[in-house]
Amino acid sequence: MAGKPKLYYTRGRGKMESIRWLLAAAGVEFEEEFIETKEDLEKLRNDGSLLFQQVPMVEIDGMKMVQSRAISNYIATKYNLYGKDLKERAWIDMYVEGTTDLMGMIMYLPFQPADTKEKNLALIIERATTRYFPVYEKALKDHGHDYLVGNKLSWADIHLLEAILMAEECKPDILSAFPLLQAFKGRTSNIPTIKKFLQPGSQRKPQADEKFVAIVRQIFNI
């Protein structure tokens, strides 16, 4: 029997958080090896574990996988969260890329200069409510199903819920104009594996605070 996947990253969300979400939603237990210093990162680089000298890195099925998109593709496929055919996978990819764009804006907000944060927060809220969330609201309305693709839980749904919760951290009532997304959030949050991940004490990571931002800047020289 293969061991648990092992995740190598900092103690924060970053590009690993969506991988944690995907594994948790699939009901897969995983271990974490935290990078807490510049030396920890250099050790991984020097022992040849990082194909492109970058994290996230996940040890799974005898591989040391890097590049967050490749890791997520593998996990989604392995655990039947990636559609039943090429067309469904194409839709899942499009939906995931959309939420990735939105989440990227939110992810980098704590690392931005104080004098630009307010402007960027306003941009995030504007983009979420006019460019991204209307797409998912319309998709749910048009096909009348509980999930985005194939009426079955997929990577696209898991990623969308993660994006919704991140956006709500920016503006708690951000879904006020999207009743179907509100219902979607309620449904998907209550899927047992996801509900467990949303409980206190899980491996879900908190928002980045100033202390964590300082640690990340030190580790990665940014």
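For all residues, glycine too, the Cβ spot is worked out from N, Cα and C.
Values in this document were obtained by computation on a predicted structure and should not be read as measured data.
These features come from TrEMBL:
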- 3-83: domain 'GST N-terminal' (DOMAIN)
- 85-212: domain 'GST C-terminal' (DOMAIN)
(request) Could you give me the DSSP helix, strand and coil counts for the domain 'GST N-terminal' (3-83)? (result) 32 helix, 16 strand, 33 coil
(request) Quick one: average pLDDT across the domain 'GST C-terminal' (85-212), no decimals. (result) 95
(request) May I have the DSSP-based helix, strand and coil counts for the residues of the domain 'GST C-terminal' (85-212)? (result) 92 helix, 0 strand, 36 coil
